Amino acid sequence: MASLRPLSRGPFLLLLIFFVFSLSLLRPIQGNGGSDGGGGGEEFSEELLLKPLPDRKVLAHFHFRSAAPPSAANGRHHHLFPKAIAQLVQKFQIRELELSFTQGRWNYERWGGSDPISTRNAKPPGVELWALFDLPTEEIDPTWKNLTHALSGLFCASINFLESPTAYSSPYWGFLSNNGNLRYGALPREAVCTENLTPWLKILPCRDKAGIASLLYRPSIYKGYYHSQRLRLLSSESKGIILEQTLTVVLQPNSYTSSLLSSSDAQLQPSWSLSQLFKKEMTGKCVLAKSSKIFLELERGLLEKIVEIRDDSWIGKFDGQVGSSLYEYKVDNSNENKPLDVGITWKLPLVWSSVHAPFQASRFLMGSGNERGSIAISLQSTQTHDQYFGDLNDCTVPVIVLQVVPWYVKVYYHTLQISIDGKPQTLSDVIEKIQVTPSEDKLLPGTLEIMLRFPCSMLSATLSLDFDKDSYTLTNILQMSYPDYDVSDDSSLLHNLQEKYLVRSYTEVLLVPLTTPDFSMPYNVITFTCTVLALYFGSLLNVLRGGLVRREIISQKDSARPGLVPLYFLGYLPAKE
Amino acid sequence: MAEIRPYWALAAAAALGFRVLLLILFPGDLHLGSRPEVATPLTSLRRLSEGYWLKQSSMSPYAGSMYHGSPLLLPILGPLTAERTDGQPAHFYCSLLFVVVDFVTAMLIRATGQKLLLSRRQSLEYLNLPKLVKNSANINAGDLASLIYLWNPLTIVTCLGLCSSPIDNLMVVLTIYAACSRLAPLAAFGYVLATHLSLYPAILILPVILLLGYGPDAPPAKLFLHKSSNSDGKDPSNNDESRSAVTTHKPVRCFSRRPVVHFMIWVSIWSCYVLFLCSIYLKGLGGLQEMFKKTYGFILTVGDLSPNIGVLWYFFAEVFEFFRNFFLIVFHVNILFMILPLAIRLKHRPCFLAFVYTAISAMLKSYPSVGDSALYLGLLGLFANELADMQFSFFLFFGYIGVSLLSPVMHNLWIWRGTGNANFYFATGLVYSCLQTVLIVESVSTMLKHDRMLRKHVIA
């Protein structure tokens with residue numbers, strides 16, 4: 001009974017995701033000027049989604065999609081598709097790959113937790129890379145190493161630090177179900193900047209010279225609250241290679257004008273437009289693109305009374321996901337003289353909230369001191385279950401927790417405790433599936449994958465695990481790939497699964513301060529230790545020998561042979577009383 | 001001092017009662033199991049329960065770098081450490097087991113002491129030194145040593161501290177006791193298990209062979225030769241009735257091969273048996289090769305550099321990787337180098353030799369804990385008569401007290417408060433090593449002096 005409702009809703013939501021991203025490709029394109037640019041079945045399309053967020057910010061989501069037909073069709077030559085990427089896929093036999101560079105943390109509470117934008121584009125800070133290979137198991141690890149090096153060259157980032165086995169893990173089903181051919185690695189401390197964006201833009205056929213990408217004015221996009229650039233590759237024998245590049249930024253529109261107005265107007269959400277947000281104007285599409293579109297997403301019913309759309313040249317209006325409308329603009333119509341300036345102006349103040357995920361996840365470190373502690377993951381229900389699951393009484397929510405811990409955090413997996421609404425639970429009641437890969441010192445990070453089944457009526461749940469902290473050695477610090485010895489490497493991933501509907505959220509990166517010996521004077525330590533050992537060895541040997549020498553002397557005295565005077569004196573030297 | 005005996009049972013019972021009382025009063029608030037002084041990566045029961053959990057979830061107990069102990073401890077101690085629902089704290093039964101183990105160890109020490117006492121009395125009387133017998137032999141070393149072992153705060157802390165050291169100690173003491181009583185199969189059992197559990201007791205093979213071959217400690221063989229040649233030549237003038245009963249049948253000590261050969265055979269039987277059990281337990285999970293790598297390999301390569309009361313962790317944390325192997329060899333060879341010289345000088349006192357070996361390995365082992373100190377301090381009591389005029393005993397006594405008070409303070413300042421520095425904690429470790437050095441050197445030198453004194457008496 002319980003599973004009937006979600007089943008009916010699942011395909012609907014999936015369909016919408018598909019709708020947002022791929023609608024433009026399915027629809028025939030009228031009057032396109034660039035279709036002759038993409039030869040050989042390769043195609044490129046660009047899209048931009050704009051959406052006001054409840055906390056006076058604006059989400060801009062750029063989406064570029066390149067597709068190449070199966071490589072046999074046109075050999076090694078590409079017209080539109082980036083050659084570097086195609087070579088990468090061929091050389092490393094990549095089935096799927098996702099690389100993201102992120103700055104800032106996605107605010108699940110305010111910016112939404114279950115819509116397709118947030119579940120796909122909310123990424124952990126720093127670099128995250130995962131790949132599925134189409135290779136035999138023993139070749140995967142060397143290939144992963146080469147891949148990290150190739151990517152770090154391509155994107156000017158230190159992705160090569162993911163080559164060491166301590167930096168990546170291979171979850172079996174916690175991240176994506178796979179047959180052991182998935183590798184997952186993250187570098188939370190990687191700084192993301194324009195040097196990573198430039199090579200990313202180079203992959204685009206028009207770079208940032210024309211089309212939607214020309215909006216990417218560096219000072220304005222790096223000023224934002226969240227910045228995540230993502231590259232996703234899908235390759236298959238039948239469909240060829242599909243490359244999706246997305247850039248998600250959360251920007252604060254300038255609201256000088258509104259702040260100068262009266263206090264009642266200060267309640268208003270800031271009004272914005274493309275040119276104001278990006279300090280650039282939209283002056284035409286990339287001629288190579290098959291389609292080039294801008295979408296504006298607003299809560300349904302807002303348009304007439306509360307919001308005024310600045311440029312009403314939209315050509316279509318669709319119903320988006322739960323409670324929102326999408327307005328579609330074509331970039332083709334704009335030119336130097338008539339730039340497309342999509343934007344909204346608020347007329348009345350409005351407070352609304354984004355769609356929450358069924359649970360809000362956060363992670364804490366407990367305990368003080370540098371010896372031990374524990375990790376706690378807490379799930380707070382957002383009280384929106386009826387929206388997702390329907391009947392609360394006898395339904396359950398599956399939740400997958402993936403927790404990767406670096407080797408220097410030694411987790412005692414037998415201390416796993418789960419409590420629901422503050423009451424400790426018997427593990428076997430809640431855990432459906434568990435997979436533990438314990439960490440090996442200096443070799444392997446520990447991976448914990450648990451599938452839990454919680455009752456829908458649950459308000460909060462807590463998972464806790466105890467750990468000991470390892471201390472650092474001098475060599476470790478010298479060989480450390482990046483000055484990261486205080487960061488617990490991975491964010492735990494939580495998925496809430498309900499049949500086909502999947503919400504993914506990352507928790508905070510944790511800082512784990514570690515014991516550091518005093519490395520200022522290693523030679524003192526070495527000499528002191530050796531001195532103590534020498535003291536032990538020397539004095540014990542001396543004691544053992546002492547009696548012998550004395551007896552020798554006595555016997556020499558007894559025999560009193562004058563011929564051996566030098567030896568006689570030598571006998572006195574090391575004697576111990 | 002002869003009056004220890006009547007009170008022994010009372011004192012021993014009080015020691016055990018004290019442990020149980022602590023156990024009941026502080027059912028889990030002592031947190032001794034996570035103290036670096038008490039539980040090492042090898043002996044920690046917390047790690048053992050992690051290994052047990054991994055085994056229960058059909059993984060190798062050595063997966064990950066948590067458990068490094070013997071697989072045989074898992075089925076015995078594992079179920080005791082698992083969470084309980086019947087109201088008792090998780091490790092209550094385990095600690096009770098260790099109280100029993102401590103008691104058995106103390107009994108064995110006592111029995112060993114009585115054997116030593118008997119042998120000492122016999123040999124002194126044979127050497128015709130009734131004065132010495134009357135002077136000092138009335139300290140019942142066995143009672144004293146067992147009480148030292150039971151009431152030693154370090155032993156109590158180890159017993160309640162949730163680590164497997166009490167079992168290691170029991171096996172070592174069992175080996176020495178069985179060798180003293182010339183029970184080859186039992187000695188082989190203790191020896192094999194002690195070696196299996198903590199590797200370092202392997203060097204006890206020399207004292208055990210000497211014990212089986214020559215019997216318990218006695219003055220040097222030369223004195224007996226001297227005495228017998230004297231008594232052959234002269235008329236045995238002072239051949240009293242008192243000693244004739246025990247000493248006339250005592251021959252000049254010669255090496256008897258039979259028990260040693262038995263011992264060797266039993267060692268091979270027991271080790272095959274232990275390996276067989278281990279391989280059954282680890283069947284399909286990595287096998288014996290992984291076990292050797294994760295237990296003995298872990299001990300020999302000093303893989304875990306978390307702070308402990310020794311000096312090696314800090315040394316290897318600071319030393320450059322390039323020199324690591326060299327120093328590993330140096331430190332391990334340091335233990336081995338002393339085996340032969342000591343065995344040559346102390347071959348007539350195999351029990352004392354075993355004590356010195358235990359103390360040396362407790363000082364130089366890769367993961368020392370107070371449990372090792374508790375063992376050799378207990379054994380030290382066995383030689384109370386011979387070591388009566390040891391130097392620096394006052395200094396050593398207060399040194400041990402001082403270090404055991406300062407070391408937790410320094411650890412707390414460094415790890416928990418963050419106000420101290422690793423060097424302070426390391427300094428207490430250095431002082432502790434120095435104290436052990438002084439103890440070893442002084443006890444060896446006193447024992448040699450004691451033998452010299454005996455010779456003086458015999459020759460004079």
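Heads up, the Cβ atoms here are built off N, Cα and C, so glycines get one too.
Of the given residue ranges B:159-179, B:390-410, TrEMBL assigns the label transmembrane segment to B:390-410. Between the transmembrane segment (B:199-216) and the transmembrane segment (B:351-370), the number of CB pairs under 8 angstroms, six or more residues apart, is three or more, so the stretches are in contact. Sequence-remote contacts of a segment are chain residues at least 6 beyond its ends whose Cβ falls under 8 Å from one of its Cβ atoms, and for the transmembrane segment (B:90-111) they are 8, 12, 15-16, 19-20, 23, 27-28, 33, 45, 77, 80-84, 142-143, 145-147, 149-150, 155, 159-160, 162, 166-167, 169-170, 173-174, 176-177, 181, 378-379, 381-382. Put simply, of B:296-316, B:322-344, B:390-410, the stretch with the most CB pairs closer than 8 A to the transmembrane segment (B:351-370) is B:296-316.
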